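Here Swiss-Prot flags 9-16, 57-61, 119-122 as GTP 1 binding site. The GTP 2 binding site annotation in Swiss-Prot covers 185-192, 232-236, 297-300. The domain 'EngA-type G 1' feature in Swiss-Prot is assigned to 3-167. According to Swiss-Prot, the domain 'EngA-type G 2' annotation covers 179-352. What Swiss-Prot lists as domain 'KH-like' is 353-437.
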């Protein structure tokens, strides 16, 4: 399971800015006005695409208006109860306040490890930073400037040292032979019905009321001599619709299931098409870099013209993930299930494929010769060599020069070329671009004695002229 880190503190200390900096997103609303964040929401801290831990941002706890027993404080308490490590965020420019003292007193009653994060240190002397909160008696203090990303590496290092020794990979090590599949989508599209149909029993509660499934439920299945682990998740809804505390936790469990799976099945309602909520779920899958199968449920209930409309809408809304296979099925009646498992298997094989350095360099050479990078303001990027850097998703590191000006269109060309050449289906393909250092930079050419004598003769000849 992905470890969880909670950000707690009074309003306007920079928790949301720190959340955005750790997750490399702008998911948390940032404003100088205190109290902008009311609810808690989740993200994932990654390095080079690899997830390290989940982060939960909470609303600022206001003393007079809410009190520690108010609605915002309840959200903070729930976040802390879920968390493995708590980051107590304070503002060095405003110094310690009575509300900071109250929050600290509450945190000290809990069992979770707590780090003191002193934010907004830019422009503040080191003496002030270390003395302002010294009376709190923390042994682990990390000064940062979230807005300028100062001190974040030290913070991440401290957090990792405090987290329990577990990782996403442990979920697979329990049964590495099983294909881990997460069924995700917005509420009431038929995820539980589909899992029940696959299992041949009423394992999941099924209802017409959206949100019946509140937690991620894991079951094992063997089919066609292959072993699977199925995860039925709670539906991800728009943030404005997620109100109950238990439902917020369900959303986090769904994000965890996406992080831990090997193949994500995005279930859509064929009659309603692709909605904004579906796009939100898809974004979480793509952000995690997981293999993807799109399943159009309730296909049997559509007339011919409705199916044509659904196909047209799908191609327009999801054209940017045309590498994912689309399966038309009916969870209620069981049609299309064999095609679903075939698509899952193809996506899984593609996502975990291993590549040799020689074959990917041959592919890069052919791609480069077929369509060289365009000239940008008189500069042309040069791609020297590539090597595989991992799987699930397949990742390649390209080395060269002037790669910062390499257009996004050419990067997509490389992705499509590699996908077609290696017959990769149902999985993202990632490229990382590294500009090589000049190996001769800073080195002085050492002349031999013969070269020195020759240079002297030339210089005397020049002077006589």
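Cβ coordinates come from backbone N, Cα and C, glycine included.
For the domain 'EngA-type G 1' (3-167), the model gives a mean pLDDT of 80.
Neighbour count (other Cβ atoms within 10 Å of the Cβ, all protein chains): 27 for residue 58 (GTP 1 binding site).
When the Cα atoms are compared, residue 9 (GTP 1 binding site) and residue 233 (GTP 2 binding site) turn out to be 31 Å apart.
Across the structure, residue 188 (GTP 2 binding site) and residue 121 (GTP 1 binding site) place their CA atoms 47 angstrom apart. Across the structure, residue 121 (GTP 1 binding site) and residue 233 (GTP 2 binding site) are spaced 41 Å apart at their Cα atoms. There are 25 other Cβ atoms within 10 Å of the Cβ belonging to residue 9 (GTP 1 binding site). Nearest to residue 191 (GTP 2 binding site) in space, judged by Cα atoms and limited to the binding-site residues 12, 15, 58, is 58. Within the domain 'KH-like' (353-437), the DSSP-based counts of helix, strand and coil residues read 31 helix, 26 strand, 28 coil.
The binding-site residues examined here are 12, 185, 233; by Cβ neighbour count within 10 Å, the least packed of them is 12.
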